[in-house]
Amino acid sequence: MLHGGDYNPDQWLDRPDILADDIKLMKLSHTNTFSVGIFAWSALEPEEGVYQFEWLDDIFERIHSIGGRVILATPSGARPAWLSQTYPEVLRVNASRVKQLHGGRHNHCLTSKVYREKTRHINRLLAERYGHHPALLMWHISNEYGGDCHCDLCQHAFREWLKSKYDNSLKTLNHAWWTPFWSHTFNDWSQIESPSPIGENGLHGLNLDWRRFVTDQTISFYENEIIPLKELTPDIPITTNFMADTPDLIPYQGLDYSKFAKHVDAISWDAYPVWHNDWESTADLAMKVGFINDLYRSLKQQPFLLMECTPSAVNWHNVNKAKRPGMNLLSSMQMIAHGSDSVLYFQYRKSRGSSEKLHGAVVDHDNSPKNRVFQEVAKVGETLERLSEVVGTKRPAQTAILYDWENHWALEDAQGFAKATKRYPQTLQQHYRTFWEHDIPVDVITKEQDFSPYKLLIVPMLYLISEDTVSRLKAFTADGGTLVMTYISGVVNEHDLTYTGGWHPDLQAIFGVEPLETDTLYPKDRNAVSYRSQIYEMKDYATVIDVKTASVEAVYQEDFYARTPAVTSHEYQQGKAYFIGARLEDQFQRDFYEGLITDLSLSPVFPVRHGKGVSVQARQDQDNDYIFVMNFTEEKQLVTFDQSVKDIMTGDILSGDLTMEKYEVRIVVNTH
């Protein structure tokens with residue numbers, strides 16, 4: 001298990017005493033892996049063509065001397081001032097067509113040949129010098145790729161991308177973007193510009209294609225970065241760190257990670273949940289952490305890496321509250337339980353100046369191993385040292401929820417429904433909740449992944465759906481799968497053009513219904529549905545449904561669609577399809593999905609009886625179940641093991657009742 005984090009010795013080159021202390025503190029903190037060089041370009045190449053690698057040579061040797069490993073970063077995330085000054089084409093241009101000044105980070109032009117050449121060259125030098133060093137574990141490409149550039153170079157690249165996508169046919173493009181609307185038809189490629197608040201931003205097809213282009217151009221930039229690394233170090237794995245947006249930990253929207261995942265050897269991501277906030281319970285937030293972990297793990301169906309987190313507070317939330325005692329261990333073990341093979345922090349040593357000098361770190365400004373945060377990091381390290389056999393183990397699931405970046409983009413761009421209540425990823429989290437509460441493993445997959453391994457596939461709010469996806473959902477259900485779809489699904493195709501002539505005929509065949517209209521409610525509006533003799537509250541969206549051949553499971557109670565279907569079920573060949581026409585309260589989700597859990601014989605990997613707020617997650621290999629029992633409440637909780645298990649940390653055999661303290665985690669193993 002990797003334990004450590006972002007280490008920036010380049011900030012302390014004038015303090016050899018600090019660098020010496022770092023090595024001592026690494027051993028005391030039970031850390032073993034360090035991401036080095038992420039923003040070090042100015043230290044590596046202070047002037048164009050003048051290189052200073054000696055300090056990095058020394059760091060490699062120091063870390064190697066204690067048995068540590070280095071995740072070596074390429075430095076493109078922040079460039080030296082001389083590079084911006086000498087080659088202004090590398091500066092990003094924003095959507096309002098304003099060229100940015102030098103400064104900040106993550107703000108280069110994605111297309112600039114100069115910047116691509118410069119990054120490829122410095123990367124080659126790093127690979128030549130450190131590619132065969134025994135401490136080198138992995139390449140960390142740039143840092144948190146994101147954002148877009150609207151300069152002339154990028155406009156040209158975008159037009160070339162469009163020519164390729166639309167077979168050099170403006171007629172095809174004009175149809176796909178529905179440009180006759182507002183007389184926006186293009187008759188020359190040079191007329192096309194990227195979306196802009198001072199230009200075109202109302203063509204949804206253009207907006208969607210721009211986002212696709214930015215993803216492809218970012219991947220192209222990344223692929224340029226790794227050319228020398230693949231050539232010189234073909235056996236060293238490569239990653240780049242993905243992100244999620246707080247406070248709800250929704251997948252980062254700047255890039256389609258489902259595409260990017262195909263180009264990395266391992267998924268890694270930076271997790272910064274707002275623990276101990278004042279608007280939700282610890283368990284509610286833990287559920288959201290579980291969801292995003294299961295999405296990023298499922299991208300490659302293999303363990304991922306937690307590349308960044310904080311051992312205590314961050315510096316960029318609205319309120320930067322410290323992790324309470326025990327929370328760093330609990331939150332770290334949750335990451336491991338959901339598939340991570342690492343706990344890596346930002347930052348190892350707290351910066352003395354600039355914007356992140358107050359961001360949490362393993363080593364604080366006091367330079368002491370005696371403070372609470374350092375001691376809790378050391379405890380995480382001691383725990384991880386006992387979990388080496390968990391590395392590489394999987395989390396097999398029979399249930400999947402489908403998340404789609406392009407659908408998210410299109411739905412957010414749609415000028416309809418209600419902007420504040422679309423909440424696509426939060427809706428997926430609501431459907432995920434019942435399975436998390438029942439400790440049932442879930443894969444959060446994308447539309448291109450294989451549906452066949454699953455008994456149950458849940459597809460909420462799939463507003464954008466292609467013919468290919470419809471066909472694959474049809475095959476999944478016909479072959480015996482159980483499919484759940486909701487309101488605001490099947491509205492547009494991959495060009496963000498609406499389907500005409502009613503709901504897609506294959507969707508009508510699968511579900512035995514046709515949605516006729518969607519009623520969008522004001523945030524304070526409420527309705528209700530009756531389901532199995534119980535009344536459940538409904539808000540935000542209600543679909544008026546025409547039943548063809550389906551069975552009615554629930555009906556609306558009020559408004560002009562009172563006594564009409566709200567939830568339906570339909571036998572389709574060997575499978576079954578449910579359509580949920582309204583946004584319903586959490587208790588409906590629990591009751592509905594508990595019925596499917598029973599019908600489909602879905603179960604936890606290893607059953608542990610517990611109360612609300614305790615999560616039990618497991619990883620498996622052929623011989624063992626590694627079970628993480630986690631108390632995400634502020635109270636003591638009773639859990640019960642009906643079978644004997646071995647506590648990995650103590651070696652004790654546990655059975656029957658066990659009282660857990662608040663924020664406590666117990667890790668046990670069940671041998672098959």
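Glycine is treated like the rest: Cβ placed from N, Cα and C.
As annotated by Swiss-Prot, substrate binding site applies to Arg105, Asn143, Trp316, Glu356, Lys357, Leu358, His359. Per Swiss-Prot, Zn(2+) binding site is recorded for Cys109, Cys149, Cys151, Cys154. The annotation active site, proton donor is assigned in Swiss-Prot to Glu144 on the grounds of sequence analysis. Annotation comment: Swiss-Prot describes Glu308 as active site, nucleophile.
Under a cutoff of 8 A between CB atoms, and with a sequence separation of 6+ in the same chain, the neighbours of Cys109 (Zn(2+) binding site) are Glu89, Val90, Leu91, Arg92, Val93, Tyr115, Cys149, Cys151, Leu153, Cys154. With a 10 A radius on its CB, Asn143 (substrate binding site) counts 24 other CB atoms from all the protein chains.
When the record's substrate-binding residues Arg105, Asn143, Trp316, Glu356, Lys357, Leu358, His359 are compared pairwise by CA position, the greatest distance found is 20 Å. In this structure, the binding-site residues under consideration are Lys357, His359, and the one with the smallest number of other Cβ atoms within 10 Å of its Cβ is Lys357. The Zn(2+) site is set by Cys109, Cys149, Cys151, Cys154; from the centre of their CB atoms, other residues of the chain with a CB within 8 Å are Arg92, Val93, Leu110, Thr111, Ser112, Asp148, His150, Asp152, Leu153, Gln155. According to DSSP, Glu356 (substrate binding site) sits in a coil region rather than a helix or strand. Of all Cβ atoms in the shown protein chains, 22 besides its own fall within 10 Å of the Cβ of the residue listed as 'active site, nucleophile'.
Packing around the residue listed as 'active site, proton donor' is summarised by its Cβ count: 19 other Cβ atoms lie within 10 angstroms of its Cβ, all protein chains included. Under the three-state DSSP scheme, Cys154 (Zn(2+) binding site) falls in the helix class.
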